[in-house]
Amino acid sequence: MRRFSNKESGYSDLNIPLTEQEESGFNHGSNSTVNPRTPPSPSFSRTNLSRHKKIHSVKNSLSTFIAKFKAPSTANLEGIRIIHLNNPERNSQEKYLHNGISTSKYNYFTFLPKFLYEQFSKYANIFFLFTACIQQIDDVSPTSRWTTAVPLGIVLFATAIKEVMEDMKRHASDGETNASDCKVLQGTSFIPQPWHTVRVGDIVRVESGEPIPADLVLLSSSEPEGMCYIETSNLDGETNLKIKQAHPETAQIVTPLDVARLSGFLRSEQPNNSLYTFEGTFLLNNTNGNSKEFPLDPTQVLLRGAQLRNTTWIYGVVIFTGHETKLMRNATAAPIKRTSVEKMTNIQIIFLFCILLAMSLASAIGNLVINNRDIEELSYIEVSKVSVGDFVKNILTFLILYNNLIPISLMVTMEVVKYWQAQLINSDLDMYYEKTDTPAQARTSSLVEELGQIEYIFSDKTGTLTCNEMEFRQCSIAGIAYADVIEDGKQAHIEDGVEVGVHDFKQLDVNLRNHPTSNVIDEFLTLLAVCHTVIPERQEGNPS
């Protein structure tokens, strides 16, 4: 990479990479490096000199175009994103992406091509389309030209209706998410606004139990030293809380008025899909006119999809929105999935088509032999010798006659069965979770036959397959057993002057006050508490 002067070489001030030949000078046969600022030697040919002048001219034009293209925006300058604090006008000039998301499969423009591509990737539909096309040829089809086309159109129409209904549910879910409220700083107060109106550079307030609306840099929180706790189960499946902490320079900003007075800008990396890395710097302007710059790291970043827990509120500045957030960067577009039943059906249809083609070819050959050999004996039906064109037409005719070998009702039956299986899943009470009023939901009926077809499960721990909730059920302290729920016949009682059985936790509370083992019980409970992270969660207006 070299920087050339406009005056001496005609190059722009931009860093333009040179090729090996350009870096080695005009003399391609020499291994020495020629200074690009040195005039060419008279020994160079006019052809080479003219060619290099053209190269310089093209690079000058390209450099000027790139400079003009990049001048108005700092969003892509050297891979750095500049975000101004409390300056929406400057941020709007960068034309950052909005915060609305779309996880749907289709839209108005992509539905028809995507749907047709998906449907005609099934060999059965290709066969029926081929049959419908050859039925339109005169003197070939012994049946009506609409015999196959109409049923195929009905099947495709019914499938399209099903796809539209399922995708409308995705659109509704996206609309509900985009319409969720979050509090955005307007002037010196936080005003509720829908998520899709949040812009890069906005300062938002998130309260306990609320999801993070966009990727944020944590400014401060209600906890000491700007700490907060988030749950990232939607990002990485982990239900344990993670600790985030604001930078000490911003942790003391705890009122809307202080937040509204913030001035400066934030440099951050460009959007990417790395959930655990972040690079950026904060430059804050002080009231005395001085500025202070400090680095940022992943501990100050709250990702969209996480949920604030055990923290009353936090303030954060938006750095990535919508499909530029790390969550959406990791959400790849849904591919066209093929179930094992569809793959097997495609193979069987190829096999049946080969049989159908062999039968049609054999019938056409038989017709050719009989017509040409016994034409005199068949004069009463006015047959003529079969030409090459007639032979090809006969093959197509027999294909139409034998096309019931691959029934179109096969695809109809499969789609109906899939649809009703999805409805049965939605109404299955055995998969209903009463605590959160959450029923099973089959988002698509195209993959229901894959249920139960799992061969291997790779899991790093049992928490991946369970609720990952630990409950204190039973303990034994100083030889005395205590339990939350006691089975019948195991209650504490006296046998031969000795106490046996299990006490409940109420008795544990009583023994803690006045029992010879109270000191041991106190020590046990103390150790149990200090060996775990226990965070009390209090609600506003109800401190108890």
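Positions of Cβ are set from backbone N, Cα and C atoms, glycine also.
Feature annotation from TrEMBL assigns active site, 4-aspartylphosphate intermediate to Asp460. The ATP binding site annotation in TrEMBL covers Asp460, Lys461, Thr462. The Mg(2+) binding site annotation in TrEMBL covers Asp460, Thr462. The domain 'P-type ATPase N-terminal' feature in TrEMBL is assigned to 83-148. Summarising the annotation, TrEMBL assigns domain 'P-type ATPase A' to 179-246. The region 'Disordered' feature in TrEMBL is assigned to 1-52. As annotated by TrEMBL, transmembrane segment applies to 347-370, 395-417.
Residue counts for the domain 'P-type ATPase A' (179-246) by DSSP state, with H, G and I taken as helix and E and B as strand, are 10 helix, 35 strand, 23 coil.
Per-class residue totals from DSSP over the domain 'P-type ATPase N-terminal' (83-148), listed helix then strand then coil: 27 helix, 2 strand, 37 coil. Residues 123-124, 127, 378, 386, 391, 394-396, 398-399, 402-403, 405-406 of the same chain lie 6 or more positions beyond the ends of the transmembrane segment (347-370) yet place their CB under 8 Å from a CB of it. Beyond the ends of the transmembrane segment (395-417), by six or more residues, the same chain brings 122, 124-125, 127-128, 131, 134-135, 137, 140-143, 148, 151-152, 155, 158-159, 162, 341, 345, 349, 352-353, 355-357, 359-361, 363-364 to within a C-beta distance below 8 angstroms of the stretch. When pLDDT values are averaged over the domain 'P-type ATPase A' (179-246), the model yields 91.
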